[in-house]
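There's a structure below that I have some questions on.
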Amino acid sequence: MNKNSSHIMALTPNTSNKRETVCIFGTGDFGRALGHKMIQSGYPVVYGSRSTQISNLIPKDAEVLSHAEAAQKAAIIIIAIQRQHYNFLMPLAEILHGKVLVDISNNLKLNQYPESNAEYLAQLLPGSKVVKAFNTVSAWALQSGTLDASRQVFVCGDDVEAKQMVMNIVRALGLTPLDKGSLLAAQEIENYPLQLFPMWKFPIFLSLGLTAFFFFYCLALDVIYTYIYEKNNFSFFIAITIPNRVCPVMALILLALVYLPGIFAAIIQLYRGTKYRRFPDWLDKWMLCRKQLGLIALAFASLHAVFTLVTPMRAFVSWRTSKGIISQALNNKTEPLNNTNAWISDCYLALGILGFFLFVLLGITSLPSVSNSVNWREFRFVQSKLGYLALIFCTAHTLVYGGKWFLSPSAYKWYLPNIYMLSLVIPCAVLVVKFVLIFPCIDKPLTQIRQGWERNPKHSE
Ligand code: NAP
């Protein structure tokens, strides 16, 4: 009987919804926005400020007191003040003893100070329990309610109970706490808001560099060469023709660069006979930004599709078509349908459409909302198997388009190959090596290595 009643007691919801008072030091932008959100979530809020005058900007249900008075009213104090002013807290050390201090501060530069702001606060007030949180949430997002993209709040601290208390507040505000461990993680958390697309830097710089190279390469061969040797002014090629040559080339090369590091990794593992040695740094970094490379490749492929769709609207294209018709009329001779050409053009288009479709599928499955809903095997199937299929289709699309020009001397202006020939080098190399790697005599040892087998185990008995 007693046992049962204790269960009933445990399941009875807590009828008093009263939340504990939270103190916020600082009535600046962040302090006000957070206070506003906390009051909405049912927390009584008391501000500690240098000026106890109530202003219109401060949430109307909040109290404003001196720092010492406010701190006495709460067990949790959020320090919404810049790090350089933390010294003012030292005379309050006694009042703040045993309290949970939440450090939300950010810096202006990466690794600006030798220690994180949270560790600095913990050094200043060793009697308090410092927790790092909220620094990746912006005051504007808190106030405007546009938190969809940044619901995660990274929390770290040495005192587990204090961390739990802060995580409970985070949850009550409708946000998602993410425990990052001890206060040692604070420096990393403080660096997050200062990072500018960290995973995108290499792919963006690489794409910009390659795009510029191919653009000027085409400009030289298609505009300058034609002007010098054929006296034709095709400078308008800069608007659509050249971009529509550069985009597919970039899409194909970047897609191949998504799969090239995997090939290098396989070769390195086969050579070393183990998977337990780290890859070189450059390869690690390259592997980490494959998704970004793939998404940029997809952007180039989409541009290529759009540029191709507008082709019939171009004045140059209609002029060339009507010129062909007029010359047939003048010669009173209709050119018969060239079946081979019709096959080539249809195959070329079909391969392009299939390649683009798979490209889009790869892009969609790389979205977190989609990748989170498939299991690891399904994700690998799409990204690896269908990814290689996309690479095969896109490479074949380029080969069919340019294949007939390979042996034609007119394709080598200034003895230079056309860019679609250059674009085929990396994809073909990736596909050939991949083909070799799937031979059973190579695939078997590679699979064993990836399952933990070692050719020369260090710790053999
Ligand atoms: P803010 O608007 O400049 O407010 C800072 C507040 O600190 C002031 O309003 C003032 O409050 C207090 N203060 C200023 N000088 C002081 C001093 N010498 N001694 C004691 N208190 C002093 O800054 P904020 O944008 O709210 O940012 C506050 C903290 O939150 C910073 O560490 C920032 O890195 C962090 N943060 C801000 C955002 C954001 O979106 N703004 C986002 C994440 C983290 P009183 O006048 O009431 O004393």
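Placed from the backbone N, Cα and C atoms, the Cβ positions cover glycine too.
Automated prediction, rather than curation, is the source of TrEMBL annotations.
Small disclaimer: the values here were computed from a predicted structure and weren't measured.
Positions annotated as domain 'Pyrroline-5-carboxylate reductase catalytic N-terminal' by TrEMBL: 21-107. For 204-229, 249-271, 292-310, 342-365, 386-407, 419-442, the entry in TrEMBL reads transmembrane segment. Feature annotation from TrEMBL assigns domain 'Ferric oxidoreductase' to 249-394.
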Take the domain 'Pyrroline-5-carboxylate reductase catalytic N-terminal' (21-107) and count its residues per DSSP category (helix H/G/I, strand E/B, coil), listing them in that order.
32 helix, 19 strand, 36 coil
Same-chain Cβ contacts of the transmembrane segment (249-271) under 8 Å, 6 or more residues past its ends?
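Contacts with the transmembrane segment (249-271): 203, 206-207, 210-211, 214, 279, 283, 286-287, 290, 293-294, 296-298, 300-301, 304, 359, 384, 387-388, 390-391, 394-395, 398, 419-420, 422-424, 426-427, 429-430, 433-434, 437, 442, 445-446, 449-450.
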Mind checking which residues of the chain, 6+ beyond the ends of the transmembrane segment (386-407), have their Cβ under 8 Å from one of its Cβ atoms?
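Same-chain residues near the transmembrane segment (386-407) but 6 or more away: 248, 251-252, 255-256, 258-259, 294, 301, 344, 347-348, 351-352, 354-355, 358-359, 361-362, 418, 420-421, 423-424, 427-428, 430-431, 434.
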Quick one: mean pLDDT on the domain 'Ferric oxidoreductase' (249-394)?
91
Quick one: DSSP breakdown of the domain 'Ferric oxidoreductase' (249-394) into helix, strand and coil?
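Summed over the domain 'Ferric oxidoreductase' (249-394), the classes give 121 helix, 0 strand, 25 coil.
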